[in-house]
Every structure is written in structure tokens, then in C-alpha cells.
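Here the structure comes first, spelled out in C-alpha cells, and everything after it is commentary.
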Amino acid sequence: MLAADSRNEVAERIGYITRVQSFSACHRLHSPTLSDEVNKRIFGKCNNPNGHGHNYKVEVTVRGKIDRHTGMVMNITDLKQHIEEVIMIPLDHKNLDKDVPYFANVVSTTENVAVYIWDNMVKQLPANLLYEVKIHETDKNIVVYRGQ
């Protein structure tokens, strides 16, 4: 049974769509504002001068009204294209620190990768549609960012 408001009209339904995409990239956790000694202490083996790589899994979730005519929050094909432009083209098989200008002065932690993806996805999507960016750096390390 559909929910109805006090005027017996069908209430708007809110839905969430999540698209999962994987990409591979390497990086080095190193802050130019810290000494080499402090970087080694904070980042440990992830501060290796030659870097290290990950097979990241990213979940991009949008939230919005389910259109009563199309039955969609948004066309998943459009979401897939935005993910291609924001994640795959600039990040896949790249050295994040050397190939992505954003990370020239920002430490390429997974938290900052999530912020990077959020900031660029929000430019592509209709206003207030992006809900969450979740990145699985490893099976045990997961970062969630919701634009706050």
C-alpha cells in the first residue's frame, strides 16, 4: 500500500542508488609539511619512497525522490558515466601523488581520496543528489565521506 499524506495524495518516496566501481592506483603517504622522520613514524611502511598500490573499490550512493513517471532516482547509465569521468579517467592506473594535480599538496590518504571524489562528483550531479562516497582501500580499511 502506498503512503499518503493528509490530502490522500501519494507521498513522494525517497530512494538510494549505489554504483560500485574498482580502480587501481599507487601512492605514497607523505606530508611535505612534516620531517622525513615524522612521516616515517606516522605513516610507517606506507611512507616507502617508492610508494605502494591498492585495488580500491568505490561505492557512490545518490539519494533522491523516485520519479513517479520513470521509477528512478536517476538514470544509472548517467551515474556510470559520471563515475567514469570523475574516478576512472583521472585515477585508474595512476600514481595519485604524481599524476593527479589535487594531490600535489594534499596527502593521498583514502580519506582525502574520498573528499576528492566527492568534490568532483558533486559538480557533475544534480544539486543535493550525492549522498555518500565509500572507499574500500583494503578488505579491512573502509572510508566513508558524506560531504561534511
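Just so you know, glycine gets a Cβ as well, placed from its N, Cα and C.
TrEMBL annotations: computationally assigned, not manually curated.
Here TrEMBL flags His27, His52, His54 as Zn(2+) binding site.
The active site, proton acceptor feature in TrEMBL is assigned to Cys46. Around the Cβ of Cys46 (active site, proton acceptor), the same chain contributes Arg28, Leu29, His52, each under 8 angstroms and 6 or more positions distant in sequence.
All protein chains considered, the CB of His93 (active site, charge relay system) has 11 other CB atoms within 10 Å. The active site, charge relay system annotation in TrEMBL covers His93 (among others).
Within the same chain, the residues at least 6 positions away from Glu137 (active site, charge relay system) whose Cβ sits under 8 Å from its Cβ are His54, Tyr56, Thr110, Val143, listed in sequence order. Positions annotated as active site, charge relay system by TrEMBL: Glu137 (among others).
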Give the number of CB atoms, excluding that of His52 (Zn(2+) binding site) itself, located within 10 Å of its CB. 12
Within a 10 Å radius around the Cβ, which one of these binding-site residues has the most neighbouring Cβ atoms: His27, His54? His27
Rounded to a whole angstrom, what is the C-alpha distance between His27 (Zn(2+) binding site) and His93 (active site, charge relay system)? 11
